[in-house]
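The structure appears below as structure tokens.
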Amino acid sequence: MERYEVMRDIGSGNFGVAKLVRDVATNHLFAVKFIERGLKIDEHVQREIMNHRSLKHPNIIRFKEVVLTPTHLAIVMEYAAGGELFERICNAGRFSEDEARFFFQQLISGVSYCHSMQVCHRDLKLENTLLDGSVTPRLKICDFGYSKSSVLHSQPKSTVGTPAYIAPEVLSRKEYDGKVADVWSCGVTLYVMLVGAYPFEDPDDPRNFRKTITRILSVQYSIPDYVRVSADCRHLLSRIFVGNPEQRITIPEIKNHPWFLKNLPIEMTDEYQRSMQLADMNTPSQSLEEVMAIIQEARKPGDAMKLAGAGQVACLGSMDLDDIDDIDDIDIENSGDFVCAL
């Protein structure tokens, strides 16, 4: 890590701590996730690194490299100076339909690319979408800790993700198509941008987790009268929030929907995306062999010394619902509750 100068803490969570660093040679800023060496370097960490490494797209946080320190495995990635889309919604209350579409187009562009690379994210939510620092913000999908690749891994069966965003079929604990479940989560993100609340929470009892699950399973949602939403937008949401995953709208169908196509920036078109991907193929990246060797070495316990002064963030990541014995015992503050009440 000699080439990087630590600037400040930018977050913490179940994984460890994240810091903003500066490349002393280029002055470029990066975000680094530090994970303690030893037992914490498990299959989930390896999966996150391998899936993230394979993805190169303008709407996905760019993976740079993994580095080993005496105490930690460091994952170096692009730094998004604009913060979370979640924070932007908290500050705004809700977005206009045009602003929601602007970010939704970018979200779908990134998710479509992930799926084309045979990677399903499985934890799409506002907190896992960052913004760069530009005046016209570019959305960046991050956090591939729960992602699965159909090339590297079996079809998902575990119930992972943030409760408010989980698709009905994921709650069934049977094998499901992670790509189709991602579509549902994108719909929840769109709804929250438009309304400023989660679609399946009871407005009179938003912290009742059991009730939220029941409403998800029965696809019980509505758009409040005070929110003006076009007929095309309502139609798209009604095609996303379909309990039967086989009947749910697909990503290619979303990309052809009239609401999605309205004011679509040229950089969101398939032709432009393909040209960008061809250019990215020539971008050098850390070799697979080097990455795997570093991960294997990181499984060995490091020195007892710990990084000092971990920062704090409001959202500490998602939970795995398979680890929950009684949903009444859940701390709703950290389970996807929309903490910015309107």
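The backbone N, Cα and C atoms fix where each Cβ goes, glycine too.
Swiss-Prot has this to say about the protein:
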- 4-260: domain 'Protein kinase' (DOMAIN)
- Ile10, Gly11, Ser12, Gly13, Asn14, Phe15, Gly16, Val17, Ala18, Lys33: ATP binding site (BINDING)
- Asp123: active site, proton acceptor (ACT_SITE)
- 253-342: region 'C-terminal' (REGION)
How many whole Å apart are the CA atoms of Gly16 (ATP binding site) and Asp123 (active site, proton acceptor)?
18
Give me the count of other Cβ atoms within 10 A of the Cβ belonging to Ile10 (ATP binding site).
18
Determine, to the nearest whole angstrom, how far the Cα atom of Ile10 (ATP binding site) is from the Cα atom of Asp123 (active site, proton acceptor).
21
How many Å lie between the Cα of Asp123 (active site, proton acceptor) and the Cα of Ala18 (ATP binding site)?
19
Measure from the Cβ of Ser12 (ATP binding site) and count the other Cβ atoms within 10 Å, all protein chains considered.
19
In terms of DSSP three-state secondary structure, what is the assignment for the residue listed as 'active site, proton acceptor'?
coil
